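Participant: Annotations per Swiss-Prot:
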DOMAIN    1-158  domain 'Obg'
REGION    118-144  region 'Disordered'
DOMAIN    159-329  domain 'OBG-type G'
BINDING   165-172, 190-194, 212-215, 282-285, 310-312  GTP binding site
BINDING   SER172, THR192  Mg(2+) binding site
DOMAIN    349-427  domain 'OCT'
Amino acid sequence: MFVDKVKVYVKGGDGGNGMVAFRREKYVPDGGPAGGDGGKGGSVIFKVDEGLRTLMDFRYQRHFKADRGEHGRPKNQHGKNAEDKIVRVPPGTTVIDEQTGQVLADLTHHGQEAIIAKGGRGGRGNTRFATPANPAPELSENGEPGVERDVILELKVLADAGLVGFPSVGKSTLLSVVSSAKPKIAEYHFTTITPNLGVVRVDDGRSFVLADLPGLIEGAHEGIGLGHQFLRHIERTRVIVHVIDMSALEGRDPYDDYVSINEELKAYNLRLMERPQLIVANKMDMPNAAENLERFKEKLTDDHPIFPISALTRDGLQPLLRAIMDTIETTPEFPIYEETETESRVLYKHDKEQDPFVISRADDGAYVLSGAEIEKLFKMTDFSRDESVRRFSRQLRHMGVDEALRQRGAKDGDLVRLLEFEFEFIE
């Protein structure tokens with residue numbers, strides 16, 4: 001089964017907790033703090049594997065969670081960093097954040113990697129908090145939570161050239177005679193419902209990858225017919241091979257077919273019209289095909305080259321294949337997404353800055369604190385130790401939480417809630 005769009009959940013591993021410990025050794029009277037830092041949580045990394053062709057595996061496994069880092073140890077021993085979780089995807093996979101719609105990565109070549117969910121850093125042990133004023137702190141941090149998100153994976157097949165046209169114009173037949181591909185061929189519309197790829201070898205020894213894409217009908221850019229399922233795959237092709245049925249046996253005018261298909265391509269993505277397009281006049285072995293081709297040429301205002309062929313009798317194929325190959329070699333790749341990052345190994349985009357906290361009122365009158373930054377501080381605080389609680393209180397005051405609560409009307413003794421933690425507001 002060909003699967004080209006799935007939704008998955010990914011979560012980076014949490015960092016390991018820092019440790020509170022002290023040196024207690026003979027002949028070391030002033031041992032001092034000796035709690036180690038926690039290890040870094042593993043990241044979820046998507047990596048391109050050229051041996052994969054579909055997203056089929058993701059139909060059965062939709063959750064990917066990296067391991068958390070080890071906790072810090074006594075004697076200032078750092079906890080072990082967790083291994084990254086590598087998730088293999090086929091070339092041509094685009095990763096999109098479901099909530100924001102942001103493209104996180106566009107993975108096209110073998111071995112390319114992108115960090116999709118970054119692991120949290122390890123919490124600091126009490127050694128890191130020692131100061132001249134407090135040389136023996138009973139204070140440490142919990143590990144930072146790893147990033148978690150739902151992402152949409154879209155597969156857009158990687159092909160040098162793509163066959164487009166109305167259903168039943170002979171695209172699958174053409175692919176089957178110029179390559180070893182065996183697409184399903186029948187005399188009804190939408191026989192092809194998934195892309196088929198074939199390697200085409202030209203008579204001079206050169207070769208290219210040709211994609212037979214599902215037939216297109218009017219309104220496809222709005223999702224009619226196979227809609228976006230088809231149009232998505234043509235975005236990566238360098239050359240568009242437009243197949244037209246010159247026999248007109250189905251009652252459609254060949255020129256009207258040509259105009260309709262190009263209107264759909266233009267409506268879906270204007271950049272598709274930048275690609276070179278070759279017109280294939282197919283079924284020239286049928287009656288009236290030659291007359292229809294002459295009328296087509298009279299109406300055609302574009303300068304796209306026309307290649308009369310018969311996929312069934314194989315007439316005219318080699319000139320067409322050589323022209324496709326020549327066009328591919330002189331046409332650069334068209335980037336789908338503009339990337340500003342230059343790092344070749346990984347791609348990780350930081351989220352836009354958000355307010356550190358938001359204050360709202362619950363039905364019971366409590367003031368509710370929320371926000372990514374304040375919730376991260378909460379999760380990294382060890383509330384089993386008084387010194388950690390006092391530090392958390394100072395952090396809230398430094399962020400301006402106390403003053404913001406006063407401006408919202410909070411009074412002495414009012415209830416304030418942050419995640420599962422509740423405390424009283426004190427002036």
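Just so you know, glycine gets a Cβ as well, placed from its N, Cα and C.
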Participant: Could you say which of the binding-site residues LYS171, LYS283 has its Cβ with the most other Cβ atoms inside 10 Å?
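Facilitator: Counting every other Cβ within 10 Å of each candidate, the maximum falls on LYS171.
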Participant: Would you mind reading off the Cα separation of SER172 (Mg(2+) binding site) from LYS283 (GTP binding site), to the nearest angstrom?
Facilitator: 13
Participant: Suppose we draw a 10 Å sphere around the Cβ of SER172 (Mg(2+) binding site). How many other Cβ atoms does it contain, all chains included?
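Facilitator: Taking every protein chain into account, the count is 24.
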